[in-house]
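Peer 1: Sharing a structure below in structure tokens format, with a few things to ask.
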Amino acid sequence: MALVEIFKAILLGIVEGITEWLPISSTGHMILVDEFIKLNMSAAFMEMFFVVIQLGAILAVVLLYWKKLNPFTFDRGVSVKQETIEMWFKIIVSCIPAGVIGLLWDDVFNALFYNYQTVAVMLIIFGILFIVIENYNKGKRPRVNHLSQITYTTAFMIGIFQLIAAIFPGTSRSGATIVGGLLLGVSRTVAAEFTFFLAIPVMFGASALKLLKFGFNFTGPELMILLIGMVVAFIVSVISIKFLMGYIKKNDFKIFGWYRIILGVIVLLYFSARTIIG
């Protein structure tokens with residue numbers, strides 16, 4: 001396998017690790033990156049790769065938040081942390097909309113909406129939403145300042161926003177759920193953390209489905225490319241998550257909104273020009 005393919009896998013892992021957690025759409029960036037950095041692999045492998053590489057990103061969440069995610073303590077025998085168990089139930093409730101609809105209609109939605117026009121439009125729409133919501137919430141105190149204060153109703157409503165991201169590429173799963181949280185009165189840090197945790201079952205489920213569809217029939221180079229991408233995505237995700245949590249403790253999400261709008265315009269102009277030129 002050529003070194004250039006390894007370098008491409010590293011670049012794709014970096015893009016995944018950054019864009020999966022910042023609310024700027026990993027799909028939007030992957031579409032652009034794939035336009036210029038194409039791995040010399042089959043179309044079936046690349047479809048699977050762009051989803052399963054997320055396992056590296058999700059393992060970063062598990063590592064960084066293990067104490068909050070683990071419902072068991074072993075100080076004096078095994079005991080259960082009721083608050084953590086309840087949080088997991090809320091995560092499950094939040095996953096229901098995207099989980100059910102995604103399983104039934106995933107291929108249909110991909111066929112209808114997986115194109116640069118949808119990606120560009122959703123980048124811009126949710127970019128505007130971030131700016132509008134942050135301006136609206138300016139000076140207001142959030143109602144939810146701890147994960148335990150998220151109700152089952154709020155969790156389900158955040159799940160509806162995740163469903164929007166599942167249907168329309170370019171929305172950004174993290175962007176949609178954070179927007180949903182902010183609209184529902186959840187603080188920035190809690191909305192971000194809940195988004196991270198919500199990704200665990202979603203990404204594991206999506207990766208499992210893609211692996212089953214691919215059939216685990218890896219060649220040696222394919223397996224190496226996938227592992228390299230996942231490891232790099234894991235390392236970069238750790239850095240990205242720490243950066244985001246530090247940033248939003250002192251700042252709002254408007255900078256990400258402006259970035260999304262600019263990127264959406266770039267995607268729209270670039271692919272429109274390419275289509276016209278042929």
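Cβ coordinates are placed from backbone N, Cα and C, and glycine is handled just like the others.
When I checked Swiss-Prot for this same protein, it listed these features:
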| type | residues | note |
| --- | --- | --- |
| TRANSMEM | 2-22 | transmembrane segment |
| TRANSMEM | 44-64 | transmembrane segment |
| TRANSMEM | 85-105 | transmembrane segment |
| TRANSMEM | 113-133 | transmembrane segment |
| TRANSMEM | 150-170 | transmembrane segment |
| TRANSMEM | 189-209 | transmembrane segment |
| TRANSMEM | 223-243 | transmembrane segment |
| TRANSMEM | 253-273 | transmembrane segment |
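Relative to the rest of the structure, where do these features sit?
Peer 2: Within its own chain, the transmembrane segment (85-105) has Cβ neighbours under 8 Å at 68, 71, 147-148, 150-152, 155-156, 158-160, 162-163, 165-167, 194, 197-198, 200-202, 205-206, 209, counting only residues six or more beyond its boundaries.
Here the transmembrane segment (113-133) has Cβ contacts under 8 Å with residues 23, 25, 27-28, 31, 167-172, 175-176, 179, 182-183, 253-254, 256-261, 263-265, 267-268, 271 of the same chain, all six or more residues outside its ends.
For the transmembrane segment (150-170), same-chain residues at least 6 beyond its ends with a Cβ under 8 Å from one of its own Cβ atoms are 25, 27-28, 87, 89-91, 93-98, 101-102, 106, 109, 113-114, 118-123, 144, 176-177, 179-181, 184, 186, 190, 194, 198, 202, 264, 267.
Residues of the same chain lying 6 or more positions beyond the ends of the transmembrane segment (189-209) and with a Cβ under 8 Å from any Cβ of it are 20-21, 51-52, 54-55, 57-58, 61-62, 65, 68-69, 87, 91-92, 94-95, 98-99, 102-103, 106, 142, 144-147, 149-150, 155, 158-159, 162, 173-174, 177-178, 180-182, 241, 244-245, 248-249.
Beyond the transmembrane segment (223-243), the same-chain residues lying 6 or more positions past its ends with a Cβ under 8 Å from any Cβ of the stretch are 1, 5-6, 9-10, 12-14, 16-18, 20-22, 39, 41, 49, 52-57, 59-61, 63-64, 196.
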Peer 1: May I ask for the residues of the chain that lie six or more residues beyond the transmembrane segment (44-64) and have a Cβ under 8 Å from a Cβ within it?
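Peer 2: Sequence-remote neighbours of the transmembrane segment (44-64) are 12-13, 16-17, 20-21, 26, 30, 34, 196-197, 199-200, 203-204, 206-207, 210-211, 213-214, 222, 225-226, 229-235, 237-238, 241-242.
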